[in-house]
Every structure is written in structure tokens, then in C-alpha cells.
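Worksheet for the structure shown next.
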Amino acid sequence: MGRFIFVSFGLLVVFLSLSGTEAGVCCPLGWSGYDQNCYKAFEELMNWADAEKFCTQQHKGSHLVSLHNIAEADFVVKKIVSVLKDGVIWMGLNDVWNECNWGWTDGAQLDYKAWNVESNCFIFKTAENHWSRTDCSGTHSFVCKSPA
């Protein structure tokens with residue numbers, strides 16, 4: 001009987017330690033893991049600069065979300081953004097200095113594009129799986145992304 005309780009307790013500990021993570025990605029409590037990164041949606045409405053600053057304060061290496069392929073975008077839509085009401089989030093892609101030098105706030109290479117041409121910051125319209133340039137002073141919900 002004692003052995004059974006010990007094994008059951010051990011399995012419970014393993015289960016609880018893995019809950020909220022994907023395929024062994026170790027993320028902070030309340031964050032979801034995908035492909036060696038952690039993600040968390042925030043309902044607060046902020047302008048782009050405030051949202052980016054907020055993300056950098058949440059976890060070491062955290063920034064507004066960067067998307068590098070359709071699979072990652074689908075993960076964000078299905079697992080993360082489902083908690084948000086309007087389906088429009090800030091993302092880390094920007095050209096705040098108006099130099100036509102687009103880049104992700106986390107320093108990652110711009111290797112996947114899906115946008116219209118307009119302003120200097122980007123929102124992700126999750127219902128359409130589409131990016132749109134918009135004015136950086138508007139307010140939107142956002143997703144933070146951090147290395148696991």
C-alpha cells in the first residue's frame with residue numbers, strides 16, 4: 001500500500017509540473033509553451049511602446065510576440081488569443097524610427113511576413129491570421145513571448 005501511494009504521489013508531482021506546458025517546454029506559471037518559447041496573452045489595452053515595456057518586465061528575455069511561421073501563428077491563435085475578446089493583438093514587429101528597417105523587438109530575424117502596408121507598428125488580426133500596420137499610439141491587447 002505504501003508503495004502505491006508513493007508512486008501515485010510521484011505521478012501527481014510529474015503531472016502538476018508539466019501542466020500548462022507543451023512537449024517538455026518549461027514555462028512560468030500561467031504561460032504556455034511551444035517550440036522552446038513561452039507565451040502569455042494580456043487583456044490590458046496599451047499602446048505599442050507600453051505593451052513592449054510591460055512584456056520586458058514580465059520574464060527575462062520577454063518581448064511582444066514574434067511569429068516565424070504559420071504553425072507558430074496558429075498556436076498563438078488557438079492556445080493563447082482565445083482568452084482575448086477582440087482578436088487583435090500587438091506584435092513585436094515595428095519600425096518606430098521610420099527607417100524602413102523592420103525588425104522584431106526580441107532581435108529575431110524577420111523570416112515570415114503577412115502584412116498590409118500602412119503605419120509603423122503591427123497588430124495581428126487573429127480571426128484572419130493576418131498582420132496589419134497601424135499607428136503605434138492606438139491601444140490593443142497583446143501577447144508576450146519569452147525563451148523557455
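Positions of Cβ are set from backbone N, Cα and C atoms, glycine also.
Keep in mind it's a predicted model, so treat the numbers as computed, not measured.
As annotated by Swiss-Prot, disulfide bond applies to C27-C38, C55-C144, C121-C136, with the evidence given as sequence analysis. Annotation source Swiss-Prot lists domain 'C-type lectin' at 34-145, citing sequence analysis. The signal peptide annotation in Swiss-Prot covers 1-23.
Closest by Cα distance to C144 (disulfide bond), from the disulfide-bonded residues C27, C38, C121, is C38.
When the alpha carbons of C136 (disulfide bond) and C38 (disulfide bond) are compared, the span between them is 24 angstrom. Cβ neighbour counts within 10 Å, taken over all protein chains shown, single out C38 as the most crowded of the disulfide-bonded residues C27, C38. A separation of roughly 27 Å, to the nearest angstrom, links the Cα atoms of C27 (disulfide bond) and C121 (disulfide bond).
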